[in-house]
Structures are given as structure tokens and as C-alpha cells.
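Asker: This is the structure, below, for whatever I ask next.
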Amino acid sequence: MISATSFVTAIGSRPPRYRTPSPPRRAVEPISPCSTADYRTYRASREISASATSDHVRSTPTDKRPSPADVPASHRSGHGRSSSTIDTLATIALATSPTFTPLTHRPPSDKSNTTLSMFPPETEPVERPAKRPRSERDESSYTQHRSNAFSIARPPAISDSMKTDAELLLNFARPTNLYPPIPSSKRANTDDSYHNHTFHTQAQIKERNASTYWVTNHENVIFNHSAMHNIPPSRMRSQSDGSAAISRPVIEGLRPNTSSSTLPPLAFQEEADSGDRHWDMERKPVLEESQVDFCKPDETVPILSQSQPLKKELDADSNGSSQASCATCNLVRIPVDNEDQDVTWISCDGCKRWFHIVCAGFKNDRETRTVDKFICKTCRPIHGQTTFVRKSSRVRTSIDYAGLNQGLVKSATDSLEHHYIEPIKQNKIRFLPENFPRMRPELVTAEYFEKGNGMTEPIVIPAEFNTHATIPPTNPEFDALVQDAPSQEMFDELLDHLPNVDHETVIDCGQNQLDMVIPQGLTVRTVSELYGPEERVEVIDVKSQHGEDKRWTMQKWADYYESTGDKVVRNVISLEVSQSKLGRLIRRPKIVRDLDLQDAVWPEELKAVGNFPKVQFYCLMSVADCYTDFHIDFGGSSVYYHILKGKKTFFFIPPKDKHLKKYEEWCNSPAQDYTFLGDQTKECYRVDLSEGDTMLIPSGWIHAVWTPENSLVIGGNFLTRLNYGMQIKIAKIEKETKVPMKFRYPFFQKIQWYAVLKYLEEDPVPQSVLAAFSQDENYRFHRKYPIYYEFGERANTEPKGSPYHNSRFYSQAELEGLPDLAKYLLRTALIAGSYLVEGVTADTRNAVKRSIPAMPGEPIDVIRTFGVWIAWKRGNEKAAHWTRPGVVESNAKLSLAEKRPAGRPSRRSERNADNQRTYAERQAVQRLSERPAVDIQKDSAPGDESVAPLANNSPPAATSGIPVPVMNEDTSQKHKTASRGSGLGPKRVACDACRKRRIRCHHKEENNGASGSQMTVSTSSLGHHTPTAQDAASALNSLAAIASGAGFQNGLHSIKGMDRMDASANFATSISATPHGVTLKVGDGSPDGLNSAKKGRSKACDDCRKSKRRCIHDEYGRIDPIKAQERSKPRATSLAKRPRVHEEAAPSSANKRLKQESTSPVAQPVHSSHMDTETPTRAQDSVENGVLDQYPRKSNTQHADGLPAEKALLPDQSSYASPPAFQADAVATKELPATVSKPAAVLVSPPTSLADEMDIHDQVDAGGEHVSVIYTPSSGSRQSSRQPRQVERYMPEVHFAKTAKSTTTTPQTTRRSSFGSSGRKTTPGLSSGSKKSGSRPSSSHGKKSLSPSVEKKAERHAISSAPFGQHGRGSKSEHGTSDVDPDAESLRLIREIQEQEFGLRRRAGRA
């Protein structure tokens, strides 16, 4: 172990240009203890050497160091060094040093009872400990002591410097990971008040001069402070984990070594194998000049028991140290367990000494970052105070972006108080001087405000005026005059002039001059007991201005209020106590009771049962520095405020229109929390209240409140007749700023209605006045002067019943606010009366209805009478326009359907509605199918008219030939979107397709135009008058017309008196005669008219969406005839889905889309093998009457004989998604087979069938097999909503059927048909069979049969794929059931359809 002199920096002692090698940071590790083997021997020798030289060192400080021969040599045990060059050089360098003798590691002697101090002096530095051996680890080595004494002031030799360098080399060469880090709980700072390796006596140490010390475990080595003057200046702050204090000495002027922050610290460790190795370190005092005091031996602390409490005590000692320099402080806290406990050093720019930041007076490292030049206490008289870096005085805030994203802006400071408190305290916020009146309590009466200008500004009743003393019955001065009357005449005269003061004698219950009763000595604890200790109270966090997540109990709040010390500032401002024991002990001021509108108009029977707004008594409990930001009391109510304890400071902003606008903008601003509203309005007044003061705050005044000290306040809110206009204005602001309902005045609207009823009840309008106003809209009731002048000499004395009678005095402020009250209640009456009012939801309408009390008559009639009452009382003015008879009734009213409440109904209501709708639709369909043909003809005949034939190839222009019923205006002119399924958000404006593509939607406008101007629905022929039955019947009639082929048979002129038409006339008539047909514009060749353009889909209702079918219901669950007429939307490509072979019998798979097909039923091909084309009217009759076999025989004969040439369907033109095209190819009709028989496919599923879900197309693959393809709404569909739809047209000439080979010569791209009706064309007089395209499916492979059963039996394979020559044969062979009796089939199909539609259905899957 080297002596302490090796660390002394001697100026000029080193060779010229000699540079001490600096080990890299993190490479220097603490010196390890030597082995235990020969520690005892070595310590004994050191003690002998020290005892022999101690006196000499003390007396001759300049003597030479002991020679190497004086130091007993011992070998290095346990240093298993590697053969590195650095180790070799270091060993050689150490060998040249006479004092750097290898230390033997010996355990402590049992006879040694000297202890080392655990708490070293503050001014003593520390010495570097011995180097730790590589191979051994012995905790007892930390107590080793040096035996060599040395002179403090003598300059060291060159060998000392070289020895230091060698030690550095050794430290550099030593590994840094020999031992794991030792917990800080075992770290100890020990005394090092000795400079040699012996335990010195107190007398020896007293005579020594203390200088700079270094900590090596618990030993200090003295350094010469005077030798530091030539060291280069260096003022750096560095992090140290304590190992720096072990690795390098604290030499004045040099930077402390902080490179070993990751090395294990020196600490006293327990030995598991020995229990007697507890080293009691003697507590040694600070060496100040030459005096050191030792602690008693019995005051030792075992090193093994030292832990965290010891460190805390050391920290406290260091914090409380009066020493200015850590060069003399050995309370070195060197935590190294983690970086959070690192100790920061700072250097003095004056003396260049290093200090721990705590010793320098800094709390943490963050404070040192602002230091420019640090000056220790010793240097301050010479160098001045510590300087800091320049910091801007501008206020900066750190934004909590997470909170800001949620709309909550929090204060960035660490202060517990609100961020406005400090500026207010420092008067940084300027306020205008206030001159609000201070009034005596006897002057504050209702009469004062009613007969004046009302209560327009805050009023303060000082505590010195509002006492509890009784008022004497007479004036003391008058009593003195009476007693001093010299004569009887004078006495009588005084009695005659006795002041007529009417004093009310009341029971003394502790009331003050305002007649307000509040228990004296009320405290927060008492409030807690009276209200209920376990009752909940809402607590406000002042800093965030938001309520706590959970309500506190009154017990918890009382404990918080009475607690002292730093705490989060919280406030209670919404504790209403009227229904508690405390509420029965309080009485409001008389002025408040007289002006309270609620007390005047609320029914007594409701008050008796406790059903009234409870806002009369609020107990406000605030700790110091509470702050409530600017607000207006709910409903524009007025406030009374009495300070029981503490102080309050108000900041008032008058309720001018510009200020209210600023207030509304401020409330909606995201920077509300950090924007002082007073700075925005430029008009803000400050009012300070003390204990006992009472304040009245008028309606609408914007105010904030600061609590300078703990306070207890009793207050309350009340509405008045004097502030109708302001109260209603504030209520509207609350609505605009979206104030939650729980923070609004309860039953505000109901109180206003009760006020109106009170006016009309106590002072009814005479009949003569009502008649005069009703007869003449310009009538004015003449008054000589306003009625608010009628007091005193002008008091009203007219008898009751007179037009000029007043039941009471009406103030000017009250009369001026009545028009605002009438307008406000008129709107509520219109809403309750189901009139159209903008921006009113169903929930709002229901709430308004509940807010209107029971009254004689309708609310609209009552408010109309009140309008006349206002004109009568105000006088000399006309009544409002809306009071005229019939004006209100002329406004639009909601329809019966629109009166239904919005929002998603409950599951139970949904089920009930679905069951009722399903039952009604079933009944309607069953009645329609069972009605005899005669009845239907009787019902429909009176309304039918012949339709004039149109010109050839010209589209129909009107539908005047069909009786048009009177439809709901909303249904015909306004698009009705389906319910979104939830009550959240506005209704969708765009269709789903455009909304998903995020483009502007024009489909709703087109749909509106089409439905409003061109769509006419014929329901008069149904014979049923119930809405559900009519809807169901209408849908069935339309679909029945589609099922019939949607064309006209040539020669069926006997039906309903219709003459035989040519092809174009039949086409036009087929559209016009369709019950739900759609008229087309002139020049529009598409049968769909406007519907041929791309359109999005409205969202289906819940029932249809769950059952996965196209929805034709409106938003109220009824069948929408317009939706029933719309064409279905394309779903998927022809290869999307293929039904399984065994599922071909699934009846509903063919009828999946009816939206567009029912709109234009004529644009549908009909297969000659199944049915003959006939008019939709005829088909409808045949469906309704069940007579399906009357006309097909006639048509078959016509087909056999041949018909005029007409346009036939080509294979590529069956898709409704294709534009209309005319085909010129002719087909010989003589080749048509004569086996075409009855129109079996004449029945369709109801509008809610599966026909609106999938499109089934029969296709022929390469092998000739027929494959049914199911189309679903897939985005991969070729004919998507983004592409124009193409629909076939009809030409007057007839396509003659050719051979199968000829049909293959017209290859066309396969196009899908969305529905059986959409891909089918009608040829008058011709039963056009389907043509087969050899290797490609025909374009008429759509769902050609509107009856699923018939389609699967007759069309799916045979008709659509067989050529004309093989048509009948293929139909016979594959579907022999096509000749089933149509009557039985129709009845069976209806039942089957209903089972599919309203029961559980099985969808066709993939093949």
C-alpha cells in the first residue's frame, strides 16, 4: 500500500516534459484489498513504524521521508497478475518507490479494540484505498491503516510522482469486472483523520495541520494546499458514482476522476464464514487547524449493520454543513447502484476546488445547469456571487399533448396552485377600479329594485351594516325631544308628528338585518356532521378546473380541509344542502325570497312533496388559493353570497352583448384554460369580500372567484321577474356552448311556463280586449302612461274586471322582458305541438313536451293568449303577428311517421315491430292471392283508363292512363334514407357507393327528381286501404307484372278493353300500365329512365340486413313503393358464385334483385318455351285471381301461326348494366317450336325476398353443361356501380329462330342480368325463346323466371341454353314439371315464397 505522500502534487519534482499518463474513463477501478494471509503481520509492522516516527513527524514537518529500509518488506500475496507489459512496468515503478511496499492482507487482530469513525469530519478529504487483488476478496482489508508517517508540507520526491504514475498504470491494467457491484446500503464513509497507518492518539492528531484529504474507505490523507497554485484552471461539473473518489485523489485545482462510474464501490461487506470480523470504526472529528475530537470507543457502529439510514444521516449532515469546500468535507456520498443516485460535482471558479452539489447548496443536478460561474462561500468575498446563465423572462408553458388531445390543458408548472394565482398575488393582472354600491341592509328591498331600474350591478352589504342587533322601536332623538317638551302643547304636537314607522315584530332566531338566518360558529366539520359524514360531495381540482373522478365523502373532505401543509388545492362549490339538517337551519335574505320567481310561481302542492328545483342553499368550502374561472351562473340566475369565514375575491365582467359574445367564444376555445377572459374583454372589476360581507350578483354577470384564505360561504341562486331577457339569453348561451344538463338550472322551461300561467290566472285578459285584438291586427290598447308608473299617487284603483285593472304592480324591467319570454315559450309550444322547427331532434322534442306543465288547452293556444296579454299590459302597441288566428296553424307540421322518436329502438321493440310487419305482410299477400278475380276487377275497373298508343320507337312521356293516388309529399318528393342503425351522428346524405368512393353524390338528387316528377304509384286498384296491405299488394302487383314477362301479347286486346297495339305501343303501354311503373323522359330509350345511371344503395333496415336481402322498406319499416320499383344493383361477376347441383331446387335463388327490374318490367326477355308475353295488367289479374291457364293457349296458337317481325334479344344484350342497343338481325318465326305452353313463371316472391340479394345466371361451359351463377354484391363485378348499365331494347321486327349453328356465329361477351326481369325482353305477339350461343352463355341467362320454382325447373338449364330447334325438347327432358297446373302452382309458390321470405332461408352456396 502506498503512502499518502505519493498523491501529493509537488511542483517541479517531476522530470522535464513529464506527462502523467491518464487512464481512459471507465478504466480505472477502485483499489482492491490484499489477501488476508499476512495482513496481521503487516499491520503490526506498520504500527511499530508509525509509533516510532509519529512524534518526529509532528515536530519536524520538513523531515525526509523514511527510507525503504525502514519499511518491512513483504511479498504480495494473492496478486495473480498477468504478464502484461503494463503490469511489468508498473511493478518495476512501484519497486523503485521506498514507500510503495506490497501490503500483506491480514485479518484484524483480536486485540485491536480501536475503532474507526463512521462519520468523518466535514473538512477532511479522503485518501485513495489500496488496489484490489485480482484473485482474492477480503472485506476486512478495508480497515487497513498506513504505518508510514510523513511530513505534510515537505515536497515529495520524483519517485513519488513516478509511483503515482505506476499506480495509474496498475489501475489501468487491472480488470474492471472482478467483483459485482456492492449495494449502496453497505457503502460507508469513514473517517480519515490520520495520515499514516497507525491508530494515533488524540494528542497526536491535535497537533497536526489539516489540509486536503482523500477518502480510502474510511481513511484521510493530508495534502498540501499551497502546492496547487500552478495547476491549470478547470471548472467542470461531472457525474461521479463514488468510484472516482476511490480511483483518484481530490487534488485542489484538478478535475475529480469520474471515469469509474460503473465500477463497484467500496463497501463493508459481511462475511458468511466469520461472525467476529465486524470492524468498529472509531468516529473521528474534523481536523480544524490542530484540533481533532474522537468519539468514545463505545459509540461505534458495526460496519456490517450500516445501511440506507446511515446514508440518509450522512446526507443530512452534508446538507447542513457550514463548510464551503468539499475539499474539507468527507461526507462523500458515492452511490453507484444506479445512475439516478449519481453525485454531481461542481468546481469553484475562484479557488478551483470541487464540491458536491449538495454541499454547494444545490438540490439537484438540474439546478446546476443554469450556473454560469460558481463561487464557493470562501471565495465570494473576493470573487463575488455565483452567476447564472441568462434566462428569458417570457413565460413558457409545456403542453401536455395527450391531455390537449382530449381537450384538457393542464398547467406545466410543478406548483400545486392554479397558474393565475401568482399573477394575481403579484398584481400583474390589472383590473379596473370598481364603484359598486355598498348598501345598508334596510335599503335592500324588492320594492327598491322593482320601482327602480332593477338589479343591474353587484351590490355589497358590508358586515358592519349587517348586524344582528335589534332595531329600537323609536328614534332616540325623538324620545329626547318628547322628554324635554316644556309644555303640554309642545308634547301634543310631538305626538301628532310621531314618525309612522311600521316595524314588524318577529321572533328572534339569530337573523341579521337582511332577515337571513345562518348558525353562528358554523365550521366545515359541523357542516360535515349536519349534512352526513358518509354523504358524497363533488370535489373540484382547482388546477385543472375539473371534478375529481370519484366523489368524496364529507368526512374525507373535512379531514382534507383541516389538514395543514402542502396539498393539492381542491374546492367544493356545488354542495346543495336544502334537504339536509343544515338546510333547515338556514334562511335566505328577505330580498331574495321576495324576488325569487320560482317561489312565486311553483305550485304549492309540488313544494309540499319536495318536487321543486333545489338551488336555494349552497355551501361553498374552499381552501386557500382556490380559484374558479370565469363563468355565469346557470340559467342566468342571480346569486346571494354570504361569507361566514375567510375571504373571497371576485373578478366581474358586465354582461354586455360584446362581452357575452367574447365569453361564448372563450368557452368554445381550446385555449380557455390559459386565456384570461378579463384581458379579452378589457373590462374587469375586482371586488374583495371579508368575513360577514354579503353580496348580490345580478343575472348574467360573468365572474371568477379567488380564495385568498380558507373560507366557508353560504349562497344560493334564484330567478327573478326583473331579468327575463338576460336569463333566456344565458340559457341560449349554455345551449350553444354545450353545457351539460346537470350544470343548468333545473326545470328552467317549466318555471317560465308556470310564470305565464300565473300571469293569465291572476290577471286574465278581458274578453273585450281579446275580441278587439282578434278582430283588428293593428289594434293597440291605449294607455295614458306605462303601468310601471302606477305606484304612490298613481296607484291603480280600477276594479277587477276593468280593462285597466292590474292585480299587482308590474315593474319596468319585468314588462321589458315579457316579449323575450313569449318568444322563448312560443318556440317550445311549436316543438311540443309537432310543428317543424329547425334543429330539433326527437329527444329534444320529447324533453320539451315534458317541460310543459299541465294546462287548460293546448300550449300554442295558451302562448297566443299570453301574446295578447303582453300587448295589453304594455299598452300602445300591436300584438305579435303570431297571435293572429291561423298564423301558427299555417306552419308545417310533422307527419305521423316523423313524429316517431329517432334513435335505435331496443331489441324488444325491434322484435315486436318485425313481428307485426311480418304478420301484416303475410296477411296482405294471402288476401291478395285468395281474392276472386271478380272482386279485383271490380276494384280496379273504375280506376282504369285506356292508354293512348305512342308512336313507334318513341318512349312514353306520361302515365296519365293509370289512376294516380294522392301520395305523401315526403314520399314522392323527398328521398328517405334508411336508418343508420344507431342514433349517433347525422343521417347520411350521400349514397353508400359514393360515400365509400368519397366522391360527390348526385344519385339522391336524381332519385328525388325521378320519384317526385315521374313516379306515380297506382294503389287504387288494390282494394285494400291499410298502409301495410297496400304496400304489400303494390309490391306483389309489380312483381307479378314482371313475372308475366313484362310485355304484351299480341292479340290480348280483350283484357280491360285494351285494343291491340303494335310493338312500340305495347312497349309504352307496358310501362304505363305497370302498377308501379316509371315513366321515361322523352328521348330516353332506356326502360329504366333516370335509373339507368349509376346509383348508390341506401342502407338496408335491420331486418333485411340480418336476413341478407335487399331492403325495400322505408326508414319506418314500411314497404317503400319507390324502392320496390328501383332496379337492383349489380353484385358480382358471372364467375363469382355457382350454386351446387343438389341445390338447384332452392326456390329463392333466382329472385335476388328487384330494385330496378320492378321499375321497368318490360325490359325483360321471356323464353318462348315457358310463357307467352302479355300485358302486366293481364298478368296482375292472372296472379291475383289465380287464373293462369286462360290465355296461354291462345298465345300458343298465335306463336304456332307466326307473328309479324319483331326485334329479338341477342345473346350479349340481356344485362341491365349495358346501354340500350337495337339489333337488326331477323329470326324466322316459323322455326319457333309449337311446344311453347303456359306461362308457368308468373309468380314472384314478395319485395323482401331473396331476389334482391343474388343474381343467378345460367351459363354454358365448354362442355355444354349449364351452370347457374349467383351474383353477389362484390367489388369485382364487371358491371359495378362505377360503370354505366346497359339495357336491351325492343325493335318492332321479329327475330326468326335459326339453327343452333347460326346462333354460334354471333359471339358476344357474356353479360349478366341482375334479375330475371332485367335481362328479359318482351316481343308482342311472339313468344321469344332463348337462343344458345354455342360456347358462350346467352345474354338472356339471367333470372328469367320470377318464380324460383319455375325457374329452377324450366329455365335454369334448358331454356337459356337450348337452341330454338331443341327448345321444347330440352325443356321436356330436363324439366318436365313445367306444365304444372298454374293455379296450384301459384298457390304453392305464394306459400313457398312467404316461407322463404319471413322464415329461415337457406341460401344457395357455391358449386
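Including glycine, each Cβ sits where the backbone N, Cα and C put it.
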Asker: Per Swiss-Prot, which of HIS642, HIS659, HIS703 sits in the Fe cation site along with HIS631, ASP633?
Answerer: HIS703
Asker: From 323-382, 443-502, 563-622, which range did Swiss-Prot mark with zinc finger?
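Answerer: Comparing 323-382, 443-502, 563-622 with Swiss-Prot, zinc finger matches 323-382.
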Asker: For the binding-site residues HIS631, HIS703, which one has its C-beta crowded by the most other C-beta atoms within 10 angstroms?
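Answerer: The most densely surrounded of these binding-site residues is HIS703.
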Asker: Within the chain of ASP633 (Fe cation binding site), which residues six or more apart in sequence place their C-beta under 8 angstroms from its C-beta?
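Answerer: Those within reach of ASP633 (Fe cation binding site), by Cβ under 8 Å and sequence separation of 6 or more, are VAL639, ILE697, ASN717.
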Asker: When you average the Cβ positions of HIS631, ASP633, HIS703 for the Fe cation site, which other residues in that chain have a Cβ within 8 Å of that mean position?
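Answerer: Neighbours within 8 Å of the Cβ centroid, excluding HIS631, ASP633, HIS703: THR628, PHE630, ILE632, VAL639, ILE697, TRP701, ILE702, ALA704.
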Asker: For HIS631 (Fe cation binding site), what is the secondary structure state per DSSP, taken as helix, strand or coil?
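Answerer: Its secondary structure by DSSP: strand.
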